[in-house]
Amino acid sequence: MSSVMMCCCLLLLFGLLSEGREILVGGKSNTWKAPESRDETLNQWSGRTRFKIGDSLLWKYNAENDSVLQVRQTDYERCDRSEPIRGYKDGHTNIELKRSGPFYFISGEEGHCQRGEKLRVVVLSPNHNRSVVDAPAPVNIVLSPNYNRSVAAAPLNAHIMNKGSLNTAWSLLLLLPLGLLV
C-alpha cells in the first residue's frame, strides 16, 4: 500500500512540476476566423502572451468552413497555402510547441489569410525567462579598526529567487502531508 501511495505522490509531483500549458488560441473559442477589425488580431493577442517550450496551442473552430495550416515564414507572409508543413481540419486542433523560435499558422480556406486569419507565435528559449541580474559595481569600503572580519555579509542579490525554485518549493510543501501518510 505504501509503495502505491509513493507512486501516486511521485506522479502528482511530476504533474505539478511540468511546465507545459494548454493555451486556447485567442483566449476563447471561435477566434480562428478573419478578424472583424484590425484593432484586435490574433497576432496582437500572441504578442501579449508568453509561450514556452512544452506549451500547446488549442484551436476551436468550425471544421466545416475552416482549417489550420502550419507554414514557413515566407508562406505566412504571402498567405501561400500550397505547401504547408502540416494541415489540420478537425475543429479542435492541438499543437505542442516543442522548440523555441517562431511558428507560423494560416487559414487553409481561400481568402481567409488575406483577410487577416493568420497567427505568428514566438516561443521563448529556456534561458529567456530567467532573471538576469548584472553584477553590482565595485564599492570601496573603508573598514573601521573595530571591524570583526569573521562575520560574513549576505550576498547582494540574496533577495532574488528563481521563479522555478519557488514553484518547486510550493509543490513540495503541498506534497509533504501526502508523504507523511505513507
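Every residue number used here counts from 1 along the chain in the order it is shown.
Any Cβ shown, glycine's included, is placed from N, Cα and C.
These numbers come from a predicted model, not from an experiment.
Record features (Swiss-Prot):
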- 1-20: signal peptide (SIGNAL)
- Asn65: N-linked glycosylation site (CARBOHYD)
- Cys79-Cys113: disulfide bond (DISULFID)
- Asn129: N-linked glycosylation site (CARBOHYD)
- Asn148: N-linked glycosylation site (CARBOHYD)
- Asn157: GPI-anchor amidated asparagine (LIPID)
Practice task
Translate the DSSP assignment of Cys113 (disulfide bond) into the three-state scheme.
Solution key: helix
Fill in the blank from the handout: Across the disulfide-bonded residues (Cys79, Cys113), the Cβ with the fewest other Cβ atoms inside 10 Å is that of Cys79
Handout entry: Distance [Cα-Cα, Å, rounded] between Cys79 (disulfide bond) and Asn65 (N-linked glycosylation site)
Key = 17
Exercise for the section: Would you kindly give the Cα-Cα distance separating Cys113 (disulfide bond) and Asn65 (N-linked glycosylation site), rounded to the nearest Å? Expected result: 13
Problem - Packing count at Asn65 (N-linked glycosylation site) (other Cβ atoms within 10 Å of its Cβ) - result: 10
